[in-house]
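Peer 1: Pasting a structure here, questions to come.
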């Protein structure tokens, strides 16, 4: 059985086209940590390493919980403000970050990120499980004020 030049050309062309389709399929399924669909990179395996989410907000008291969402206990949640710009850098990392906070939401898939606010993969909502006791809130607020004062003193102190 002889293969003509035309048949070889068609076969090569078909192989190249198939290779190109596989390449496009592989790159189209890639996504950043924060904007993947459910079951994407956010579906973290228990054995996969994670890191703490980046600090954000005034004096770094919050944590990034989305590409332009920063939440913290004494802070609440900031969305789309200059303080949240640092959260865009979360998309650049290939290692997912773990949002700290008590579990909340349906099937405990979310985390309490601020007083009364629970965030899951793609949304935040009010949740009574995330309410902070007034005594505990006062203690956290006083501790944050003290740390802020110490930081300012250290920055303003001139060493000889």
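Glycine is treated like the rest: Cβ placed from N, Cα and C.
For reference, Swiss-Prot lists these features for the protein:
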- 31-36: disulfide bond (DISULFID)
- 53-97: disulfide bond (DISULFID)
- 56-70: disulfide bond (DISULFID)
- 64-87: disulfide bond (DISULFID)
- 71-77: disulfide bond (DISULFID)
- 104-118: disulfide bond (DISULFID)
- 112-130: disulfide bond (DISULFID)
- 119-124: disulfide bond (DISULFID)
- 39: glycine amide (MOD_RES)
- 1-30: signal peptide (SIGNAL)
Peer 1: Out of these disulfide-bonded residues, 53, 97, 130, which one has the fewest other C-beta atoms within 10 Å of its own C-beta?
Peer 2: 97
Peer 1: Here are some disulfide-bonded residues: 70, 87, 104, 119. Which one has the most Cβ atoms within 10 Å of its Cβ?
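Peer 2: Ranked by Cβ atoms within 10 Å, first place goes to 70.
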Peer 1: Taking the Cβ of residue 71 (disulfide bond) as the centre, how many other Cβ atoms fall within a 10 Å radius?
Peer 2: 28
Peer 1: Work out how many Å separate residue 77 (disulfide bond) and residue 64 (disulfide bond) at their Cα atoms, rounded off.
Peer 2: 10
Peer 1: Within 10 Å of the Cβ of residue 77 (disulfide bond), how many other Cβ atoms can be counted across all chains shown?
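Peer 2: Cβ-Cβ neighbours of residue 77 (disulfide bond) within 10 Å number 19.
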Peer 1: Whole-number answer please: how many Å between the C-alpha atoms of residue 70 (disulfide bond) and residue 124 (disulfide bond)?
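Peer 2: It is 11 Å, counting Cα to Cα.
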Peer 1: Are there disulfide-bonded residues among 56, 64, 87, 104, 112 that sit within 10 Å of residue 119 (disulfide bond), Cα to Cα? If so, list them; otherwise say none.
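Peer 2: So the list reads 104, 112.
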Peer 1: Select the closest residue to residue 87 (disulfide bond) from the following disulfide-bonded residues, measuring between CA atoms: 71, 104, 118, 124, 130.
Peer 2: 71
Peer 1: Which ones are near residue 53 (disulfide bond): of the disulfide-bonded residues 64, 104, 124, 130, which have a Cα within 10 Å?
Peer 2: 64
Peer 1: I'm trying to understand the geometry here, so how far is the Cα atom of residue 118 (disulfide bond) from the Cα atom of residue 124 (disulfide bond), in Å to the nearest whole number?
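Peer 2: About 6 Å separates the two Cα atoms.
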